[in-house]
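**Student:** Dumping the structure here so I can ask a few things about it.
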Amino acid sequence: MSILALVEDRPTPKEVYNWRIYLLAAVASFTSCMIGYDSAFIGTTLALGSFREEFEFTTMEPAAVNRVSANIVSCYQAGAFFGAFFAYPIGHFWGRKWGLLSAAAIFTLGAGLMLGANGDRGLGLIYGGRVLAGIGVGAGSNITPIYISELAPPSIRGHLVGVYELGWQIGGLVGFWINYGVSETLAPSHKQWIIPFAVQLIPSGLLLIGAVFLRESPRWLFSSDRREEAIENLCWIRQLPADHIYMIEEIGAIDQALEEQRSTIGLGFWKPFKAAGTNKKVMYRLFLGSMLFFWQNGSGINAINYYSPTVFKSIGLRGTNTGMFSTGIFGVVKTVVTFIWLLYLIDRMGRRLLLLVGAAGASVCLWIVGAYIKIANPAKNGNGEMTGGGIAAMFFFYLYTVFYTPSWNGTPWVMNSEMFEPNMRSLAQACAAASNWLWNFLISRFTPQMFDKMGYGVWFFFASLMLCSIVIVFFLIPETKGIPLESMDALFETKPIWRAHGIVLAKLREDEEQFRQDIEESGYTKSGEQRLESVQPKEA
């Protein structure tokens, strides 16, 4: 019998839950602040009268304005798609830390480029800067969840990867409110719209500085044959000595997982590509990871993020500032609910139940909002006042946000950071992040045209996709809460899917008890001089 993985409820020293692990996760999550801010500020910036006047939107036909706006928004997602794959070789050869530094540097360059745009130079610098910024956030969206999941103890892995999602929402909150602030306090001018673009430099600058002081992922160091440095980093992160039994168990599990990979996939740069192309189990899991992001974007959330003025106008709100204020409230709701998700839900309710409940609740709300728009046709309400039905529709819109945010907003990122064995994780996360940006690109590119052509049908479209996601999650997605990264193969191979979590955890508890019994029988004693090796218990 050999060492298997760690289980969520094994005896865990209190030292493991320390400030260092949260600080590392928080610094890495400045990546998501960049993403959140960029996703939120651009839609309301394009709606500012000063921006539209300087770039002559006011002289264009509505269809042309929709097309240019969609291009400005979507070139960022196009860059992010390629950035997600660009991060794979950096993360593989140079590590997670250098990957984060590279992402921050590229994003900062792109954000700086955008500041050179004006009416005389045209939109070229904004297009180019947003492509570069997209490459940076695409790379960051690949590396950050991997980095955090590789540092985290199983029992708080969802918690820590959730810090990434929290950073996204904090960045989004600032992005949603900043244009309301400049529109209320500054006269229409170049300065009014350039300030939101300049604020992009704050999270990227903080990441650029903070990443210098990050500790490299111990799991990446083990896979790169830098064992002593890996043990040193792991001991620093866990605040435990190398000869502590908790450390011996964890390092033994990592050693065993790497040995299994050597004998199956292999540890080289191209090995995961070969495995992805020839191993049906890996292909299937890549498909599931991509589908999680398909259904996430199928919720309609990014249509709201990027085109909130258009969305609120369809419900009946009038006035640029009113739409921006409502967008800001949307950001507040998302951020508050994300705190609840992070602190109470993700590692208590688990991933699977959150997805199921969130999809059901969000779908009902979207059906109601769509039905109101179909019946009342608020877009033709010329007096600009909200009716009782409109207020109810706004309530269900915000209720949709309450259902969506703690379920589909961050959970796909958490699950994709968990689903793959260590040597597949970089490539798998690259594919997952790229798929997110691909679906994101399609939504951002065609949302204006969808609202123009489909009207209330857009709400029914997204509501229908949410219903379909319930079936997919129930039959295909297992619960990953508390399952060690090294045991994901066993989880996905266990049937039926809806019982796999309990079956695998029971087996892990049994193996953990046997391992500790073998340790005691081997005469292990805690000694600072004992050389740390992968422990091999006696055969049963």
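Quick reminder: no glycine exception, Cβ is built from N, Cα and C everywhere.
This is the feature table in Swiss-Prot:
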- 528-540: compositional bias 'Basic and acidic residues' (COMPBIAS)
- 519-540: region 'Disordered' (REGION)
- 1-22: topological domain 'Cytoplasmic' (TOPO_DOM)
- 44-74: topological domain 'Extracellular' (TOPO_DOM)
- 119-130: topological domain 'Extracellular' (TOPO_DOM)
- 152-157: topological domain 'Cytoplasmic' (TOPO_DOM)
- 179-193: topological domain 'Extracellular' (TOPO_DOM)
- 215-285: topological domain 'Cytoplasmic' (TOPO_DOM)
- 307-325: topological domain 'Extracellular' (TOPO_DOM)
- 347-352: topological domain 'Cytoplasmic' (TOPO_DOM)
- 374-387: topological domain 'Extracellular' (TOPO_DOM)
- 409-456: topological domain 'Cytoplasmic' (TOPO_DOM)
- 478-540: topological domain 'Extracellular' (TOPO_DOM)
- 23-43: transmembrane segment (TRANSMEM)
- 75-95: transmembrane segment (TRANSMEM)
- 98-118: transmembrane segment (TRANSMEM)
- 131-151: transmembrane segment (TRANSMEM)
- 158-178: transmembrane segment (TRANSMEM)
- 194-214: transmembrane segment (TRANSMEM)
- 286-306: transmembrane segment (TRANSMEM)
- 326-346: transmembrane segment (TRANSMEM)
- 353-373: transmembrane segment (TRANSMEM)
- 388-408: transmembrane segment (TRANSMEM)
- 457-477: transmembrane segment (TRANSMEM)
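I'd like these features described in context: how deep, what's nearby, how far apart.
**Tutor:** Taken through DSSP, the topological domain 'Extracellular' (44-74) splits into 26 helix, 0 strand, 5 coil.
Counted with DSSP, the topological domain 'Extracellular' (119-130) comes out as 7 helix, 1 strand, 4 coil.
If you average pLDDT over the topological domain 'Cytoplasmic' (152-157) in this model, you get 81.
Using a Cβ-Cβ cut-off under 8 Å and counting only residues 6 or more beyond its ends in the same chain, the topological domain 'Extracellular' (179-193) has close neighbours at 41, 44-45, 47-51, 53-54, 118-119, 320-321, 324-325, 327-328.
If you look at the topological domain 'Extracellular' (307-325), the same-chain residues 6 or more away from its ends with a CB under 8 A from one of its CBs are 43-44, 47-49, 69, 73, 176, 179-180, 183-184, 369, 372-373, 376, 378-379, 381, 384, 386-387, 390, 393-394, 397, 447-448, 451, 455-456, 458.
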**Student:** With DSSP, how much of the topological domain 'Extracellular' (307-325) is helix, how much strand and how much coil, in residues?
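**Tutor:** Secondary-structure breakdown of the topological domain 'Extracellular' (307-325): 14 helix, 0 strand, 5 coil.
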**Student:** Give me the stretch from 75-95, 194-214, 353-373, 388-408 with the greatest number of Cβ pairs under 8 Å to the transmembrane segment (457-477).
**Tutor:** 353-373
**Student:** Might you confirm whether the transmembrane segment (23-43) is in contact with the transmembrane segment (286-306), defined here as three or more C-beta pairs under 8 A between residues 6 or more apart in sequence?
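**Tutor:** Between the transmembrane segment (23-43) and the transmembrane segment (286-306), which are separate recorded stretches, there is contact, as judged by 3 or more close Cβ pairs.
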**Student:** Among 75-95, 158-178, 388-408, which stretch has the highest count of C-beta pairs below 8 Å with the transmembrane segment (194-214)?
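**Tutor:** Ranking 75-95, 158-178, 388-408 by Cβ pairs under 8 Å to the transmembrane segment (194-214) puts 158-178 first.
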**Student:** So what's near the transmembrane segment (131-151) in sequence-distant terms, Cβ-Cβ under 8 Å and 6+ beyond its ends?
**Tutor:** 21, 24-25, 28-29, 31-32, 34-35, 38, 75-88, 90-91, 96-97, 99-100, 102-111, 113-114, 157, 160-161, 163-164, 200, 204, 207, 217-220, 237, 413-414, 416-418, 422, 425-426, 429-430, 433-434, 436-437, 485
**Student:** Within the same chain, where does the transmembrane segment (158-178) have neighbours whose Cβ lies under 8 angstroms from its own Cβ atoms, ignoring anything closer than 6 residues to its ends? I mean 6 or more beyond.
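**Tutor:** That would be 21-22, 25-26, 28-42, 44, 144-145, 148-149, 151-152, 195-196, 199, 203, 305, 308, 324, 327-328, 330-332, 334-335, 338-339, 341-342, 346-347, 351, 405, 409-410, 413-414, 417-418, 481.
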